Each structure stands twice: as structure tokens, then as C-alpha cells.
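S.K.: First the structure, which I've put down as C-alpha cells, then a few questions once you've had a look.
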Amino acid sequence: MNAVDYLRISLIDRCNFRCQYCMPDTQDLQFLQPTAVLTATELLTLIRDVFIPLGFARFRLTGGEPLLRPDILDIVRGVIALPQVKDLAMTTNAFLLEPLAQDLFEAGLRRINISLDSLVPETFATIVGRDSQRHKRWNKVWAGIQKAYQVGFNPLKLNVVIIPGVNDHEVLDLAALTIDRQWHVRFIEFMPIGNADLFCDRGWIPSEELRTQIRDRWGLTDGQVQGNGPADVFQIPGAQGTLGFISQMSECFCDRCNRMRLSADGWLRPCLLNETGQLDLKTALRDGVSTDELRDRVRQLLELKPEINYKERQSGTVGANYSRTMSQIGG
């Protein structure tokens, strides 16, 4: 297993979308009260005094939708100001991104991932949820993507969750975005966290099937740059951008895992695919437990992580019953 140096941080469990695979509008979700969410000060304390001393140097801000946090710019500035931080990125649905992109860039953010599950506004509307404004959302998301590209975010990555019978017919169109643009499209296998009923009904498509479609159309070569995350990177010959495939269902990448996840209410989770070994850091911090003690607890969990990842992995892929949605975990 790789050295664990990457923390995904959910800033908020709320979102302005209700995507089918994450927090469907058919579910009656109970969102956290504002007082239950880590404050910016608490979060920066944990990053500075607990995680960085343990070797964490790369951080990603997620949600829910992180741009719903009114203090998002302060959080970005605070993390960037820590000298040990090597990388800060964000994952967003881009609905609120266009007016914020320049400010985020000036605050120090350089890398951004944007969820874009369809290029067809009607299909996109079906995926993001039923409300009176849903048909207008694709245009705002696309404007946010264009603005981020214009401002200079690099790399700019587009995350695509493929759902059988919903958007699987768009694989080639989405892959084609990388040909003339220095964009990076990442296909993510649909998994049961968030909507187990839809998962059981629709199933999922292995990454290799998507690669075969793309390979048959254009050819496919190994990407020139391979990250240290879970994505297998490829490239259409001559394309400016790359294609990534995150295959948590079909191709175990536990040996490459380098991350933990911190929920908006301060629960530290060592593995996405199961709920073993979670630590409640927020309650401990508010109860006056020292950051030295919290650091020791996280260190012990880091030592257990390989066993949790390998031995408990199947509990998250077959018959799993998750108590938290993807929006609560932080993706």
C-alpha cells in the first residue's frame, strides 16, 4: 500500500443537486445542523496539528457541494497558507462556480474536479434531480466549466459516473471532450453508496467495457502521466487531454490506496468501501482532547488501514448496508 498522505475533506453534507447515485430526491435525508459541522477553525486545527505531522500533505475539499460553504474562500486560504501543504484540490458540481472561479484561483486553489454526467441537458436534468429549475442547471454547470478553464485551473478534470440505461450511450461523446481540449475526463464505476436500490436495479458497467468502446473508435494508449491515485490513465492518440478510469468495483486498487476521508461532522474514515474503524474527531476535539492525543489515535488507525482495506473490502461491494451516503462521506 502507498504511503497515506492524502485527505479528502467533506465540508458540508448538503448539496444543491440530488443526483441519483449520490443523494436521490426519493430519499428523506436528514442533514446535519450547522453546529454539527466542523468549523473552519476546527478543520484547520486538525489539518495543521493532527494530519500534517502524520505526513498528510495533499488535501481535497468535497461535499455535498463545497461551494455552499459561505466561508469556502477562507478555508482555501487557510489550507494554502500552511507551508507543508503540497497540493489542494476541490470537487464541485460547478453550479455556483462561474462567479467564484476567479476568487478561488486568487485564494490559491489550482486544481478542480467537476461532476459532469451528461452532455445532454435533458439527461443531465434526470440525473441531478426533480425540481422546477433542473432544466436550467446544465447551462450553469457548463458556464462554470468554461470559466474555470478560462481562469487557468490545471488540470481541469470532469468526473462522470456511468449509470446503465441512463448515460452509458454518451461514453464516446464525453471521451471526445479530451481530443481538442486539455481536459481530463474520468469515468467512475457506479457503486452502491448513496442509492443501493438504483444500484441493484441498474447494476454497473466495468471500466474495461468503456475502454473497449473508446479503443474501437479511436484507439487508446497509456497516458503519459500516471498519478498516484486510483485512476488508470489513458489517452486517445493525438488528444490534448487524458481519460481516467476509476474502477473500485471491478478492479481492486487497495494496493494503491493513499487516502483517508473526513466527513463534514468530523468522522475520519479509512476506507471508502466499508465503515470499519471510523474515528469521531470533532466530538473529541470539542470535549477538550488534545491534538497530541488525537494525532496518536489517527496514527493507530493508519497502522490498521491496510488490514481494513484488504480484509474488509468485500463487505462494501457485496450486500453492503451503508449508514452514510456518498455526500456525507465526501466521495
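Using the three backbone atoms N, Cα and C, a Cβ is placed for every residue, glycine included.
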S.K.: What does Swiss-Prot list, out of R58, R60, R286, R295, as binding the same GTP as R8, T91, K157, R259, M260, R261?
M.R.: R60
S.K.: Look up G64 (S-adenosyl-L-methionine binding site) in the DSSP assignment and reduce it to helix, strand or coil.
M.R.: coil
S.K.: Tell me which of the binding-site residues C15, Y21, C22, C254, C257 ends up closest to R8 (GTP binding site) in space, Cα to Cα.
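M.R.: That would be C257, nearest by Cα distance.
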S.K.: Where C257 ([4Fe-4S] cluster 2 binding site) and R60 (GTP binding site) are concerned, what is their Cα separation in Å, rounded?
M.R.: 15
S.K.: Pop the Cα-Cα gap between T91 (GTP binding site) and S115 (S-adenosyl-L-methionine binding site) into the table, whole Å please.
M.R.: 8
